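This report refers to the structure that appears directly beneath it.
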Amino acid sequence: MNNVDDEIYSYVTGNPPKSFLLFAGAGSGKTRTLVNVLEKIKKEHGGNLFRKGQKVKVITFTNAACEEINHRLQYDYTFSVSTIHSFSWELIKPFTKNIKEFLEKKLNNDIDNLQDKINKARNNNSRENYQKDLRKIQARLESLETITSFIYSPTEVLIGKGTLNHSEVISILAKFMKEHSLMQDILISQYPILFIDESQDTQKELLISLIETQKANSKQFCLGLFGDLTQQIYSSGYPELAISLPQDWGRPYKQDNYRCSIRIVDLINKIGKDSSENFIPQIARKDEKGTVRLFILNSDIKDKREKEQCIREQMSLISSDPHWNNIRNVKTLVLEHAMAAKRSGFEKFFLPLSKNNIIRDNLLQNTGACVQFLLYQFLPLLESIQENNSFTLMRILEKYSHRMDKSKIEDNFISFKKDVEDFYSLVRDDNTLENILSYIYNKDILEIPDDIKNGLNFDKQSYEIDDKDFLWNQALKASLDQLKKYSLYAKGILSFGTHQGVKGLEFPRVMAILDDSEANGFLFKYNKLMRVEALSDTDKKNIVSGKDNVLSRTARLFYVICSRAEKSLVVVAYTSDIATLKEKAVNSGWFAEDEIEIIAE
């Protein structure tokens, strides 16, 4: 334990306890401090907590972080570690009647809002879409009476009667904590100590309700917030957190950076200072100087993948690090998953499905019946055939094929064996998923989920552009090779990641791609951050009024991606105005002139 760890431990175990917000910059060892404090709590107070039937609650931002902390704590019973959604569901699950009351009020408000939009709609298409949404909400409202219990999954999107979505679970707990002292009592009696990791991106409404709970129960409840306000990248977070806390809270901070080289720490300090007046500069604890480069290209340049590989090769020479030559040794960060799909070669499969929010979430989280089928039944079956692994093939068929049922296999073994053998010729990387799945469906080799079946058989004469059947039909025209590449990306094996998805991670070599035109979003605009693109009236209004805005959001995200790099970093910026971007990059002090390279057509 170091001085900061000891300080936090004294807060938690004081009489009364003292709640706190730990400011912990990138690479400062925040998770190590969290684990150190927890281990000392276990050593000194674990027995007392056990006798009272209490635990220390730790809320993490992702399932991966949850697993990492549990692993470091050796899954000890003194602690309960979960995501914010699992935590919320755990507390509200028994209160079916109260959940119904919450939903009834919410759904009625939603109906009023949609009715207003229908009345104001200027074209039939918009009006029909609003009416379609209205019918769904009305049906959900009518079904409330017959619901005896609700269901929810923190890892996937459920649909149907009695289901709750992710945002509802958070909102319900926030409201219950605010309005019902019983919910506060339940929380405190189970978890007298509550730590929240990545608190800067925890949903604002829930964070406020927990802070209010602490204020009302300060003598028996300790709330510890771990985070870095400079790394807040989600709009649902609480940007005013630091200035809104009670005066008696502790505010320790970790200033050392053990991750990044000296040059990278210098860069992120300048970015952080420009993005927040409350930023605490970091001190590099690595001896390594490190390398930073900015490559500027025209947005309309052809074959971006080829140009980016050339940049990697140049970085190999600049940094005297041959590992840059191999894309697998470089973490390439893009703003959107679609950009990763194009660069990794699975865009024909991914892009159609990404137009549906539920399917997109399932694709990115490896959840949902269709994604689970493709990744854990269909793909292993095909790979066992390609690898000529008859043992694995039989194991998959025995587990998932109805035709391997003991009551049927004796009479149908010869025909089933022939169907499987004939199937071998279809299993090629260049064959379409549609062709392969159609054979499986027609021969009943595996039980295919309904959405994929509907995609194979969808009605070409009667569909809407966002119809799930149509989207699956388009995606299944992709080759088997594209599904394999998507599988590698979904499992984190490919070298690509998104700017938002790598928070908390670190890599020796990072390529950060800034391409507003390809990302096609509005929350983050790197050309506006670099003062190449003019600010909109809304941007100016938000800045003047002190609201979170496109510049502050994008600066924080830029800080996050640059601070992932341990040794060397290259920023690849696409723009319509190369000269202006170079000038602004130098004038900002972020990059020296000899660190900037321009690649022409």
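The backbone N, Cα and C atoms fix where each Cβ goes, glycine too.
Record features, source TrEMBL:
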type	residues	note
DOMAIN	3-261	domain 'UvrD-like helicase ATP-binding'
BINDING	Ala24, Gly25, Ala26, Gly27, Ser28, Gly29, Lys30, Thr31	ATP binding site
COILED	100-147	coiled coil
Cβ-Cβ distance under 8 Å, sequence separation of 6 or more, same chain as Gly27 (ATP binding site); the residues meeting this, in order, are Asn257, Tyr258, Arg259, Cys260, Gln282, Glu506, Ser563
Top of the binding-site residues Gly25, Gly29 by count of other CB atoms within 10 A is Gly25
Candidates Ser28, Thr31 (binding-site residues); min other-Cβ count within 10 Å returns Thr31
Counting other CB atoms within 10 Å of each candidate's CB, the least crowded of the binding-site residues Ala24, Ala26, Lys30 is Lys30
Same-chain neighbours of the ATP site, Cβ within 8 Å of the mean position of the Cβ atoms of Ala24, Gly25, Ala26, Gly27, Ser28, Gly29, Lys30, Thr31 and not counting those residues, run in sequence order as Asp228, Lys254, Asn257, Tyr258, Arg259
Reading the DSSP string in three states, the entry for Thr31 (ATP binding site) is helix
